[in-house]
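What follows is a single structure, written as structure tokens, with notes after it.
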């Protein structure tokens, strides 16, 4: 493996979004509403945040807490018109939310175990979900399940992440069976099964132009694939379990959330552009150990770039969403 060069870009923490009382499991942004982001958490809520980029004291504030799920909320996405949020929960259900009104307008029942991942099609007419019950379900917006992807050619373990292509009738799924699958959503057939991972897959994501897929998980590698053919292209090593991946919306970059840092790669050079480690305040004296306890950096679980690519939002297991900007901006 070629020698890694030193990181070339410095990202600074410009503040945090404070409001969740549990792991921040997912973050969603919308080009339609650049002053809003939405997050999900193990505190059973979906949070709508009002961003305040001109406020030097805080990057944003909690605007509305969407409540209805009875267990951890694992994933949230925003419809492409910016009007609705869709969440998946460990209570085995999905919920559709009217963002403006702050109410749940539809409840999706059908999975028999935790819902791990949800997604909208580019025309907002189809909804997909992946679950610990090892199935992928295809729904309409009325909450009716139209098809279930299961059986021998489907995943044989938890479906941890699922995403729609932005411009073709294709979905990509990742699973704890160590496989990534590429599906034709019209025929409901699996076109490709990708087997390069040697551990469970936590995350899959598709590039903004729909040409690439990236996947990551326990084996510490981000695998890049050609979406149309399923051809493996190359691997990038994170040296720690990958919890989430996100392509930059306007640069040829890929970011990875791991247990100890965020890594940003330049996909043209395959080099690390930046490594982001959160600032950790010194912890108080630990009375049980009778000595100073060494502060442990929180693990990054979720990532999202702002629609213009200038800001990186990162959700952590301490309940904070940290906001990062390049020092050159």
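Keep in mind that glycine also has a Cβ here, set from the backbone N, Cα and C atoms.
Look at Swiss-Prot and you will find 19-59 tagged as repeat 'WD 1'. The average pLDDT for the repeat 'WD 1' (19-59) in the predicted structure is 95.
The repeat 'WD 2' annotation in Swiss-Prot covers 68-107. As a summary of secondary structure, the repeat 'WD 2' (68-107) carries 0 helix, 22 strand, 18 coil according to DSSP.
Using a Cβ-Cβ cut-off under 8 Å and counting only residues 6 or more beyond its ends in the same chain, the repeat 'WD 3' (110-149) has close neighbours at 71-72, 74-81, 84, 86-94, 96, 155-167, 171, 173, 175, 183, 185, 188, 190. The repeat 'WD 3' feature in Swiss-Prot is assigned to 110-149.
Look at Swiss-Prot and you will find 154-193 tagged as repeat 'WD 4'. Tertiary proximity for the repeat 'WD 4' (154-193) is limited to same-chain residues at least six positions away from its ends with a CB under 8 Å from its CB atoms, namely 116-122, 126, 128-132, 134-136, 138, 147, 199-206, 208-210, 213, 215, 217, 223, 225, 227-230.
A Cβ distance under 8 Å defines the sequence-distant neighbours of the repeat 'WD 5' (196-235), meaning residues of its chain 6+ beyond its ends; these are 157-158, 160-168, 170, 172-180, 182, 241-247, 249-250, 254, 256, 258, 265, 267, 270. What Swiss-Prot lists as repeat 'WD 5' is 196-235.
Summarising the annotation, Swiss-Prot assigns repeat 'WD 6' to 237-275. Only residues 6 or more beyond the boundaries of the repeat 'WD 6' (237-275), in the same chain, are considered here, and those with a CB under 8 A from a CB of the stretch are 1-2, 4-5, 7-11, 202-208, 212, 214-218, 220-222, 224, 297, 299-309, 312, 314, 324, 326.
According to Swiss-Prot, the feature repeat 'WD 7' maps to 295-328. Within the chain, the repeat 'WD 7' (295-328) has long-range Cβ neighbours (under 8 A, six or more residues past its boundaries) at 9-18, 20-31, 34, 37, 39, 41, 43, 49, 59-60, 243-251, 255-262, 264, 274, 276-278, 280-283.
Cβ atoms under 8 Å from those of the repeat 'WD 1' (19-59) belong to residues 65-67, 69-78, 80-82, 85, 87, 89, 95, 97, 99, 102, 301-308, 313-317, 319-321, 323 of the same chain, restricted to positions at least 6 beyond its ends. Secondary structure of the repeat 'WD 7' (295-328), assigned with DSSP and counted as helix (H, G, I), strand (E, B) and coil, comes to 0 helix, 18 strand, 16 coil.
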